[in-house]
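One structure is given below, encoded as structure tokens.
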Amino acid sequence: MVSQALRLLCLLLGLQGCLAAGGVAEASGGETRDXXWKPGPHRVFITQEEAHGVLHRRRRANAFLEELRPGSLERECKEEQCSFEEAREIFKDLERTKLFWISYSDGDQCASSPCQNGGSCKDQLQSYICFCLPAFEGRNCETYKDDQLICVNENGGCEQYCSDHTGTKRSCRCHEGYSLLADGVSCTPTVEYPCGKIPILEKRNASKPQGRIVGGKVCPKGECPWQVLLLVNGAQLCGGTLINTIWVVSAAHCFDKIKNWRNLIAVLGEHDLSEHDGDEQSRRVAQVIIPSTYIPGTTNHDIALLRLHQPVVLTDHVVPLCLPERAFSERTLAFVRFSLVSGWGQLLDRGATALELMVLNVPRLMTQDCLQQSRKVGDSPNITEYMFCAGYSDGSKDSCKGDSGGPHATHYRGTWYLTGIVSWGQGCASVGHFGVYTRVSQYIEWLQKLMRSEPRPGVLLRAPFP
């Protein structure tokens, strides 16, 4: 009897002639003996080619017994459907398999190129992630970041002036004498002596004055090039600030008692009052304009605009300070902590005046803080919206008599701007008191209108304000 194992094999293979009479010796005891088997004229096993034609199953690859060959992504998963385990056998790495399986199982979510503006796409299971270039944001990198910039936030990223626009992104602009660079935010000088730059430092490749008035230090020659010295009858009167070749800003109270206006002289490029070094330029003051709201002997609206008889020549030692736009001054410059004040005023309260130009770095205070500090020493100064406080409450440093009318200059991103005018204070460097400055931003439009208008007759003029 043919063994059960052989019969089963024959049935599974469906072979014809598998059990031919002469093919297998049959043992009398019901069991086969290898030693008694003798080959007959018929075969039990067929050739590989015949078997390949007999075995019928769902085709998964290009050849028989493909599992014995190295895995191929093209053969296993592109021509036929493969399982996760089969893909893992091909990649030999779980993470690589997962990355492949995301796209293989639900399609490539990046196929439609959803990421805009140069963003790169990473496929996820039924989703995708866009990696945006630095200037863009959003799910599909569809939003230009600058669209979210507003001028009140870091000046909109602008180096100088910023303008907000409804429905569109903010735009940057530059002061006269500068032009906007291709990046849309930076400004570059277009003239030899633009306002707010210090040529002496530019040529030395430095950025800020070395000098740090009462408690101050000497401003190195050429590092305060907009400083003006006002003389009347040859005597020191006040300070001032050059804002272009023909206009100077000072304090109105400096002119309360002037009688001989023809002897009012403005000196530019001055440094040491005890010597003449050839960099000075003297110009007669042709006209003094004060606000109609200023009352002599008081402190409110303490500002004056002076027109020179002839323009000055801009040099390394004579450069105007930028008169900023009002919005820029109020929302940006007003929050710069420290600014410079300069002048030839008294070095001590009731002391001698300075021979060399002095400069002091002073912190700006909120009006409420200024009032609170003053009340602690029993004082209640009248600080209006046309003024601001700056200085130190410990009595160590301050502007003083003789500095009046001089500049409070604020530095922002490489350029200096006029933000205040030395006006008044309780003594000089008195404990618990601060210097009070005219808030120039309140008068920007007033100043610009006067400078654009035709000259009017007269030396002292009162112009309507506001």
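Note that Cβ sites are derived from N, Cα and C of the backbone, with glycine treated the same way.
What Swiss-Prot annotates here:
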- 61-105: domain 'Gla' (DOMAIN)
- Glu66: 4-carboxyglutamate (MOD_RES)
- Glu67: 4-carboxyglutamate (MOD_RES)
- Glu74: 4-carboxyglutamate (MOD_RES)
- Glu76: 4-carboxyglutamate (MOD_RES)
- Cys77-Cys82: disulfide bond (DISULFID)
- Glu79: 4-carboxyglutamate (MOD_RES)
- Glu80: 4-carboxyglutamate (MOD_RES)
- Glu85: 4-carboxyglutamate (MOD_RES)
- Glu86: 4-carboxyglutamate (MOD_RES)
- Glu89: 4-carboxyglutamate (MOD_RES)
- Glu95: 4-carboxyglutamate (MOD_RES)
- Cys110-Cys121: disulfide bond (DISULFID)
- Ser112: O-linked glycosylation site (CARBOHYD)
- Ser112: O-linked glycosylation site (CARBOHYD)
- Cys115-Cys130: disulfide bond (DISULFID)
- Ser120: O-linked glycosylation site (CARBOHYD)
- Asp123: (3R)-3-hydroxyaspartate (MOD_RES)
- Cys132-Cys141: disulfide bond (DISULFID)
- 147-188: domain 'EGF-like 2' (DOMAIN)
- Cys151-Cys162: disulfide bond (DISULFID)
- Cys158-Cys172: disulfide bond (DISULFID)
- Cys174-Cys187: disulfide bond (DISULFID)
- Cys195-Cys322: disulfide bond (DISULFID)
- Asn205: N-linked glycosylation site (CARBOHYD)
- Cys219-Cys224: disulfide bond (DISULFID)
- Cys238-Cys254: disulfide bond (DISULFID)
- Cys370-Cys389: disulfide bond (DISULFID)
- Asn382: N-linked glycosylation site (CARBOHYD)
- Asp398: substrate binding site (BINDING)
- Cys400-Cys428: disulfide bond (DISULFID)
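Shown here: features listed in Swiss-Prot, placed on the structure.
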residue : record                      : DSSP class
Cys77   : disulfide bond              : helix
Glu95   : 4-carboxyglutamate          : helix
Ser120  : O-linked glycosylation site : strand
Cys130  : disulfide bond              : strand
Cys172  : disulfide bond              : strand
Cys219  : disulfide bond              : coil
Cys224  : disulfide bond              : coil
Cys370  : disulfide bond              : helix
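The recorded positions shown are Cys82, Cys115, Cys121, Asp123, Cys141; of these, the one with its CA atom nearest the CA of Cys389 (disulfide bond) is Cys141. Counting same-chain residues at least six beyond the ends of the domain 'EGF-like 2' (147-188), those with a Cβ under 8 angstroms from any Cβ of the stretch are 194-196, 322, 324-325, 327-328, 331-332, 412-415.
Nearest in space to Cys110 (disulfide bond), taking C-alpha to C-alpha distance over the recorded positions Glu86, Glu95, Cys195, Cys224, is Glu95. As a whole-number mean, the pLDDT of the domain 'Gla' (61-105) in this prediction is 68. A sphere of 10 angstroms centred on the C-beta of Cys121 (disulfide bond) encloses 19 other C-beta atoms. Cβ neighbours within 10 Å of Asn382 (N-linked glycosylation site), excluding its own Cβ and spanning all shown chains: 10. The DSSP secondary structure for Cys110 (disulfide bond) is coil. Highest local Cβ density among the modified residues Glu85, Glu89, Glu95 belongs to Glu89, counted as other Cβ atoms within 10 Å over all protein chains shown. Between the CA atoms of Cys158 (disulfide bond) and Cys130 (disulfide bond) there is a gap of 29 Å, rounded to the nearest whole number.
Just so you know, the Cβ of Cys389 (disulfide bond) picks up 26 other Cβ atoms within 10 Å once every protein chain is counted.
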